[in-house]
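J.: Summarising the annotation, Swiss-Prot assigns GTP binding site to 12-18, 40-42, Arg304, 330-332, 412-414. The Mg(2+) binding site annotation in Swiss-Prot covers Asp13, Gly40. The IMP binding site feature in Swiss-Prot is assigned to Asp13, Glu14, Gly15, Lys16, Asn38, Ala39, Gly40, His41, Thr128, Arg142, Gln223, Thr238, Arg302. What Swiss-Prot lists as active site, proton acceptor is Asp13, and the listing cites sequence analysis. The feature active site, proton donor is assigned by Swiss-Prot to His41. The substrate binding site annotation in Swiss-Prot covers Val298, Thr299, Thr300, Gly301, Arg302, Pro303, Arg304, and the record cites sequence analysis as its basis.
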Amino acid sequence: MPGIVLIGAQWGDEGKGKATDLIGTKVDYVARFNGGNNAGHSVVVGDESYALHLLPSGIINPNLTPVIGNGVVVDPEVLFEEIDGLESRGIDCSHLKVSEAAHIIAPYHRTLDKVTERFLGKHKIGTTGRGIGPAYADKINRVGIRVHDLFNADHLHDKVEASLHQKNQMLVKLYNRRPIDVDQTTEELLKLGERLKPYVANTGLILNKALDEGKTVLFEGAQATMLDVDHGTYPFVTSSNPTAGGACTGTGVGPTKITRVIGVSKAYVTRVGEGPFPTELLDESGEWLRQQGHEFGVTTGRPRRCGWFDAVVNRYASQVNGLTDIVLTKLDVLTGLKEIPICVAYDVDGERHDDMPTDQAAFAAAKPIYETMPGWDEDISDCHSFDELPATCQAYVKRLEELSGCRISAIGTGPQRDHVIQINSLVD
């Protein structure tokens with residue numbers, strides 16, 4: 001009954017897609033449990049690269065069942081674009097299962113997301129504009145539309161009417177926009193529902209039955225710990241729970257069925273959008289990391305903010321998620337540096353903090369306290385065991401492990417699928 005949770009331990013873009021694909025060859029199901037198509041990730045198989053936003057990374061593997069859980073907000077138009085794109089390249093998506101209880105991102109959610117960000121001006125959150133936040137807001141306000149609502153015209157019309165009642169008032173009176181037509185929106189959603197229906201299932205039942213039968217389920221988180229709406233750098237966060245606890249609420253599987261929690265961390269740190277970032281590099285070092293690591297968003301194309309490894313963040317992620325293992329990615333990007341700084345603590349108003357401040361004002365004021373490790377020049381992409389790595393590279397990894405408080409069980413040494421060193425098994 002192995003239930004394995006895979007989450008990001010930083011601010012996202014850690015390489016979870018590659019880690020999922022690595023583990024996915026040994027599991028029976030891969031289930032996404034949070035977020036929406038704001039979560040871009042790339043999977044490289046041989047010479048082929050697949051950019052995914054909504055589909056689980058495991059969709060590439062024909063021998064497992066990919067699942068979109070109830071905690072995900074689903075934009076049907078984006079889902080069909082991804083399915084069509086993969087099938088045009090010979091990838092069969094017919095085995096996909098979508099939770100009947102997942103909430104839908106409707107066209108008006110995207111509209112609201114964009115106009116709200118413009119209205120907020122300098123106070124904007126820095127969303128992707130894809131309707132994620134408004135869809136989750138509707139879920140909490142109990143006016144959301146779920147997948148199973150798309151199959152009954154009268155019921156759906158009532159749901160759309162209820163959802164748009166307040167939104168149209170806001171659009172007209174606050175944002176000076178035209179109201180959204182209820183009938184037209186209902187018709188659009190009904191058509192989307194017709195195509196979605198073959199994929200729809202009671203995914204909670206499917207996953208629990210699989211675990212009871214001794215099959216292995218990988219729970220794939222989108223975004224990351226520091227973007228969690230409860231545990232991240234609020235308010236500069238996503239609208240869901242990308243932490244390990246979200247795997248349970250986002251799929252309908254109980255916590256006693258989770259046997260392992262794996263966090264993915266880059267060998268440095270990146271962030272997209274607004275919000276505090278203590279180790280951010282605004283100089284040529286940051287630009288060097290950005291270019292060497294190809295740090296541009298899969299979803300938005302935006303350049304990512306780059307900084308040195310933050311051990312305080314990783315310790316916090318280990319604590320919040322109960323990490324059992326860390327997958328360290330993009331270690332190869334650091335090749336060529338003479339010295340590599342590691343943030344081991346923060347200076348907040350002259351006082352040392354070894355742990356994450358809960359006060360976001362304090363976190364925004366935090367200055368990194370660094371220790372420096374020697375770098376290496378050797379190409380590590382052909383290394384297949386930890387002992388083959390340069391001695392200074394090994395020392396860097398061991399220090400990150402010590403500071404994070406969790407063992408590093410796999411290391412990414414390059415962009416290809418086989419550019420990885422496995423130290424400990426990730427699947428029991």
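Numbering starts at 1 and runs along the chain as it is shown here.
In case you wondered, yes, glycine gets a Cβ from its N, Cα and C as well.
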J.: For Gly40 (Mg(2+) binding site), just count the other CB atoms lying within 10 A of its CB, please.
T.: 20
J.: Counting distance between Cα atoms, which of the recorded positions Asp13, Gly15, His41, Thr413 is nearest Arg304 (substrate binding site)?
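T.: Result: the closest of the recorded positions to Arg304 (substrate binding site) is Asp13.
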J.: List the same-chain residues at least 6 positions away in sequence whose Cβ sits under 8 Å from the Cβ of Leu331 (GTP binding site), in sequence order, or say none.
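T.: Set apart from Leu331 (GTP binding site) by at least 6 residues yet with Cβ under 8 Å, we have Ala267, Ile380, Cys393, Tyr396, Val397, Ile411, Gly412, Thr413.
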J.: Among Asp13, Glu14, Gly15, Lys16, Asn38, Ala39, Gly40, His41, Thr128, Arg142, Gln223, Thr238, Arg302, which the record lists as binding IMP, how far apart in Å are the two most distant Cα atoms?
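T.: Largest Cα to Cα distance for the IMP-binding set is 34 Å.
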J.: Roughly how many Å lie between the Cα atoms of Pro303 (substrate binding site) and Ser42 (GTP binding site), rounded to a whole value?
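T.: Ser42 (GTP binding site) has its Cα 16 Å from the Cα of Pro303 (substrate binding site).
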J.: Would you mind checking how many other C-beta atoms are within 10 angstroms of the C-beta on the residue listed as 'active site, proton donor'?
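T.: Taking all protein chains shown, the residue listed as 'active site, proton donor' has 26 Cβ neighbours within 10 Å.
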J.: Spatially, which candidate from the recorded positions Gly40, His41, Gln223, Arg302 is nearest to Gly12 (GTP binding site), comparing Cα atoms?
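T.: Comparing Cα positions, the closest of these recorded positions turns out to be Gln223.
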J.: Compared by Cα position, which of the recorded positions Gly40, His41, Gln223, Gly301, Arg302 is the closest one to Lys18 (GTP binding site)?
T.: His41
J.: If you draw a 10 Å sphere around the Cβ of Pro303 (substrate binding site), how many other Cβ atoms fall inside it, taking every protein chain shown into account?
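T.: By my count, 15.
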J.: Which chain-mates of Gly15 (GTP binding site) that are at least 6 residues away have a CB under 8 A from its CB, listed by sequence?
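T.: Gly15 (GTP binding site) has long-range Cβ partners Val264, Lys266, Val327, Thr329, Lys330, Gly412.
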J.: In Å, rounded, how far does the Cα of Gln223 (IMP binding site) sit from the Cα of Asp13 (Mg(2+) binding site)?
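T.: That comes out at 7 Å between the alpha carbons.
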J.: Count, for each of the binding-site residues Gly12, Gly301, the other C-beta atoms lying within 10 angstroms of its own C-beta, and report the residue with the smallest count.
T.: Gly301
J.: Among Asp13, Thr128, Gly301, these being the binding-site residues, pick the one whose CA is nearest to that of His41 (active site, proton donor).
T.: Asp13
J.: Would you identify the secondary structure of Ser42 (GTP binding site) according to DSSP, in three states?
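T.: The residue in question, Ser42 (GTP binding site), is strand (DSSP, three-state).
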